[in-house]
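Worksheet for the structure shown next.
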Amino acid sequence: MMSVITASTVNATFVRPAKFYLSGFSNMPHVKYYYVFLCFVYIVTVLGNSILLSVIYYVKTLHTPKYMVVFYLALTDICGSTALIPKVLDTFLFERRYIVYEACLSYMFFVLFFLSVQSWTLTTMAYDRFIAICFPLRYHSIVTTPSIAALLLFSWVTLFSLVGFTVGNIDNLSFCDSLVVNSFFCDHSPVYRLSCNDSSINYIMAYVALIIILCIPLILITLSYVGISIALGRIASGEERLKASKTCTSHLILVAIFFLPIIGTNIASVVSYINPNARMINTSLTNTMPPLLNPIVYSLKTEEILIAIKKLVKRNKISFSAKKRLKS
């Protein structure tokens, strides 16, 4: 297997492989059914998020800073799923497990970048809810379209630079021995651990990225909900308190869906041994299930979205009936 892959020396310093080999699941029965399931997940993810994007785009009452963030989350969900799932299906359903070195790094970059954007978009949504409940009278002057656009743009640029630098540091490594990546995609840790020279910078960057992409957003979201809880406790009317807390339900579900599996997998890998197949299933579901569930949660748990969908359906029915009458 390994003789098929040739290595080339760059600047007489770094030994880079022509290709890596993605191992995927090992000795797992009926694994193709799992790939078919991922295919179904991808189709539903694209359809669900496309519908959510269309609803927000066409219904003018949703052209607010809050739904601007939801719009970008749906867009990121489509991009993140598209970066990961089609390539996974192509690799393992059609047995194309060899991946060119440059393609592997691109693959790694886009999967990690969109994952990090999802994390910080959820943080921006927490900021929106915090201002709305803690400072309701100043909400419209603080949370404006330009301020949210600036926050989103800043996070995209910062995360693009962070992930770019983290992935770019792979270029400073030499790969002299095994080129088998023990993962279902070109994941950062399984790739840099294959190197035969000093990978301490990559190790440090892996932890820096983990802190910036997962830990800081989770801390900020937790702090914002501590502030929200205090503000809700000061509301005298139980009905008003319930009404205010309901506006956070969708976001809290999304946060739980996104962060809990990632944290659970990381804690489990530190405190005990995880079977590689189990780890890969956890990682793949962590990357694919939140984008699938986000539009479903927002459509079912957010009254404004449900009303907007009904409006769109009613409008389309009226226009279809009008066209039918004109033809007859």
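Glycine residues also receive a Cβ, built from the backbone N, Cα and C atoms like all the rest.
Residues or ranges marked as domain 'G-protein coupled receptors family 1 profile' in TrEMBL: 48-298.
The transmembrane segment annotation in TrEMBL covers 33-59 (among others).
What TrEMBL records for 66-85 (among others) is transmembrane segment. Within the chain, the transmembrane segment (66-85) has long-range Cβ neighbours (under 8 A, six or more residues past its boundaries) at 38-39, 41-42, 45-46, 49-50, 52-53, 56-57, 107, 110-111, 114-115, 117-118, 121-122, 124-125, 128, 132, 143, 145, 148-149, 152, 185, 254, 287-288, 290-292, 294-295, 298, 304.
Per TrEMBL, transmembrane segment is recorded for 105-127 (among others).
If you look up TrEMBL, you'll see 148-170 (among others) marked as transmembrane segment.
Sequence annotations record features per position, and here TrEMBL assigns transmembrane segment to 204-232 (among others).
As annotated by TrEMBL, transmembrane segment applies to 252-274 (among others).
Counted as Cβ pairs under 8 Å, contacts with the transmembrane segment (204-232) are highest for 105-127 among 33-59, 105-127, 148-170, 252-274.
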